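Database features, via TrEMBL:
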type     : residues : note
TRANSMEM : 27-49    : transmembrane segment
DOMAIN   : 41-290   : domain 'G-protein coupled receptors family 1 profile'
TRANSMEM : 61-81    : transmembrane segment
TRANSMEM : 101-120  : transmembrane segment
TRANSMEM : 141-168  : transmembrane segment
TRANSMEM : 207-226  : transmembrane segment
TRANSMEM : 238-261  : transmembrane segment
TRANSMEM : 273-292  : transmembrane segment
Amino acid sequence: MDPKNITQVIEFVLIGVSEVAELQIPLFLVFLVIYGLTVLENLGIITLTTVDSQLQTPMYFFLRHLAVINLGNSTVIAPKMLVNFLVSKKTTSYYECATQLGAFLVFIVAEIFMLAVMAYDRYVAICNPLLYTAVVSQRISLLLVSLTYLYGFCTAIMVSSCVFSVSYCSSNVINHFYCDNVPLLALSCSDTYIPETVVFISAATNLFFSMTVVLVSYFNIVLSILRMRSSEGRKKAFSTCASHMMAVTVFYGTLLFMYLQPRTSHSLDTDKMASVFYTLVIPMLNPMIYSLRNKDVKAALRRFMTNPCCSFKAM
């Protein structure tokens, strides 16, 4: 094809969750409720773990940043998605699409490694309680969180740069509700071998290392709990990591379902449904998981609702 005859894409069209016209308003209302709950719940976790004097520990410091990540991840996706339910022209500019992909990658990669950091935190707390304050000090906690965000940012720059280094010059209709790398690369009119390889290696590497940390941490946690003589001690130890285990299972289960499908049954529609879960549903579920199963968070919420000023005492 003559390069002079190629028309470079300047905007993309997002198909959305569904193309059925009758479903647009019901879906808008459903996802509006999901996003509204996500914002309220995660802001609640951020507020409680910031102001309550009894939640100033590394565990709740990491939980606060998980809430920040969940809120950021949903906010990158949901507002544009909600607007597209109500408009007939579901377009997004080339640079807006690139920005959305980059921001999404920052938060999703940060979440993958924040869950690994939280698993390591629980491992130290249960397996080496006497060394906990030294191993997971305030300085180390800040360093781990900073590295998590920095790695997410670097990954986002690398992957999004590769995805948008190829040419988009014919179809501009993305079979998704946001700008994701797989449906974007499917539209390219140039060779996508290098960006596809970068995306695959990045995703596989991130999942492998983060899941290794999580599995090794929980393997040692389980061994430590089984060695405890007191049933009360075992129950208390398990309760400190039960919420995180549930959040990890839901999140990694969704990602593994998405990436380990046989290629014969793999489709962009399946990816779309999985994406709904880990970009919108999980950020709403995480605060529920951590608050409903955590006595400290529930007690902090009661104190804050009864007398907000008392949360600041002894800080």
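Any Cβ shown, glycine's included, is placed from N, Cα and C.
From a predicted model like this one, the values you see are computed outputs, not experimental measurements.
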Can you tell me which of 61-81, 141-168, 207-226, 238-261 gets the most C-beta pairs within less than 8 Å of the transmembrane segment (101-120)?
141-168
Same-chain residues at least 6 beyond the ends of the transmembrane segment (141-168) whose Cβ lies under 8 Å from its Cβ atoms:
6, 8-9, 12, 58, 61-62, 65, 94, 98, 101-110, 113-114, 117, 181, 184-185, 187-192, 194-195, 198-199, 202, 206
